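In what follows, a single structure is set out as C-alpha cells and then discussed.
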Amino acid sequence: MKGGELLVLLLASSLCLSAAVAAQETCPADIGAKCTDAASDDWEGEFFPGIDKINYEGPTSKKPLSYKWYNAEEVILGKKMKDWFRFSVAFWHTFRGTGGDPFGAPTKNWPWEDGTNSLAMAKRRMKAHFEFMEKLGVERWCFHDRDIAPDGKTLAETNANLDEIVELAKQLQSETNIKPLWGTAQLFMHPRYMHGAATSPEVKVYAYAAAQVKKALEVTHYLGGENYVFWGGREGYQTLLNTDMKRELEHLANFLQAAVNHKKKIGFNGTLLIEPKPQEPTKHQYDWDVATTFSFLQKFGLTGEFKINVECNHATLSGHSCHHELETARINDILGNIDANTGDPQVGWDTDEFLTDISEATLIMSSVVKNDGLAPGGFNFYAKLRRESTDVEDLFIAHISGMDTMARGRRNVVKLIEDGSLDELVRKRYQSFDTEIGAMIEAGKGDFETLEKKALEWGEPTVPSGKQELAEMLFQSAL
C-alpha cells in the first residue's frame, strides 16, 4: 500500500473512531422524548424510580440497597452516628463522573443526561442530585463551582450561570434540609490555569483566580456551607529550571490571606480548609502533605485561619498512611475534614475508590474519636464508581458500602476502647516518663547536665520490647 493511501485509510479510521466515541456521549436511546438536543429541565417523575429510601437493616441483611452497619440515629459514645460522620456526597464524582479515561470514551450514560452542558441540563442534574441524597439519607453535599454550572463566554456570564443554579440549589435545600459540607472553586481544568492559579507567573490569571474564589466563597456562604476548601492541583511546578519557587510560595500565601480577609468581610463563619496532595496533575505540589502544609501556614502566619482536609488517597501518594496524616493533623489541632476514599497499592496515581477496608476504617475512626469528631467538618465521599460500573444502582451501592465501612470502623473503635488493652500497652511503653525526671523532660526542663548525671548514675539502660506483634494482635481482635 502506498504512503498516500495509508494516510487516507488512517484518517478514515480516525474519523470512524471519533464518531463512535461521540456517539457514546449522546443521549441514551431508551429515554426517548425526555432527551432532546435543546436541553430541558422539565424532567417528569423520579430520577431513581424503583429505589426507595435506604434504611438500616442490620449486619444480617443480604439486601444490597440497605445499611448493615450505619444506623444514623444510634448513639455511640455520646453522639448519634450521623453526627460522628456528617457524611457528604461529592457532586463532581457522583454526577459529573463519566467513566472516561485517557484510553477510552465515557461509559456512563445516566438516564437524565442529554449530552449537553447547558443551564437546563445543570438544573436537571441538580434535581437528580438532591433526590439521590434524600434517598441515601445524607444531609450534606460538596461541590466545585464549575461542576454545578457551565462556563460562559465571560466571567460575568459565568457568574450569572452559577447564580441561576445556586438559586435552584437553595430552593432544593429548603425543601430537604440538606446543605453543603463545603464548596470550592475549580482552579485546575481550564487552560488558563495550566501554570497554576495562585502560583501562575501571569498576573492576569492570578486576578481571574481571585475573582473565581471570591465568587465561590460568596456562593458557599449563601448556601449555608460549613467549610470552604482549597485544593491546589496546579499550585506547584513541572521543573525548577523555569520556576521562582520563593516568589510562587509568597504569591500563594498572599492569595490565601486575601481569601481570609474576604471571608471575614462577607461574614462567612465556616472553616477554611487546605487539601494536601503531593503531585498529579502537577509534578510537585507545594502542599505535599500535612506536615509540609502546616509548615507553610506557620511560615506565613496563617495558622489559626486554616485547617486540613485529609484525603486518604493523597496520603498514600505522599508515602504516608491516611492514619499518619490524620494523626499529624490532629496533634497539631488542624484536622478539619476527611475526604473518605482510597487508592490502589498497585498503581501510582489517584484512583479515588470508595474505602471498603475495615482495618483502614478503624484506624481512621480512632483518630476521629481522639479528635472528638470533625464538626464543622465531616466525611466527604471523594470517590467515584469504577469505569466498568454503569448501572444507576451502583451509585447507591458504592455510597452504602463506603458508609457501612466507616460505621463498622467506628464500632470497632468502641470495642478497642472498652477492652482497653491496646491503650494500656501504649501507656506502659512510655511509663518511664511518668517519673520525676520524665516529667522534668516533658516540661522542657531537662538540661543536658542533669541528664548526664542521671545517665552516669543509671548505667547502661535496659530497653524493653516494643510488643508490636501484640499490638497488632489486639487491634485485629476488634475487627
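Residue 1 is the first one shown; counting continues down the chain.
Here the Cβ of each residue, glycine as well, is placed from N, Cα and C on the backbone.
Residues or ranges marked as active site by Swiss-Prot: His144. In this structure, His144 (active site) is part of a beta strand by DSSP.
Long-range Cβ neighbours of Tyr382 (Mn(2+) 1 binding site) (same chain, at least 6 residues apart, Cβ-Cβ under 8 Å): Ala90, His93, Cys142, Glu311, Asn313, Asp339, Ala340, Asn341, Asp352. Residues annotated as Mn(2+) 1 binding site in Swiss-Prot, with similarity to another entry given as evidence: Glu275, Glu311, Asp339, Tyr382.
What Swiss-Prot lists as Mn(2+) 2 binding site is Glu311, His314, Asp350, Asp352, and the listing cites similarity to another entry. For the recorded site, Asp350 (Mn(2+) 2 binding site), the DSSP three-state label reads coil.
When the binding-site residues Glu275, His314, Asp350 are compared by Cα distance to His144 (active site), the shortest distance belongs to Glu275. Same-chain neighbours of the Mn(2+) 1 site beyond Glu275, Glu311, Asp339, Tyr382, judged by a C-beta within 8 angstroms of the site's C-beta center, are, in sequence order, Trp231, Asn309, Val310, Cys312, Asn313, His314, Asn337, Ile338, Asn341, Asn380.
Each residue contributes its Cα atom, and for Glu275 (Mn(2+) 1 binding site) and Asp350 (Mn(2+) 2 binding site) those atoms are 14 Å apart. Long-range Cβ neighbours of His314 (Mn(2+) 2 binding site) (same chain, at least 6 residues apart, Cβ-Cβ under 8 Å): Glu275, Pro276, Lys277, Pro278, Asp289, Glu325, Asp339, Asp350. A Cβ within 8 Å of the Cβ centre of Glu311, His314, Asp350, Asp352, the residues given for Mn(2+) 2, is found for these other residues of the same chain: Lys277, Cys312, Asn313, Leu317, Asp339, Asn341, Gly343, Thr351, Tyr382.
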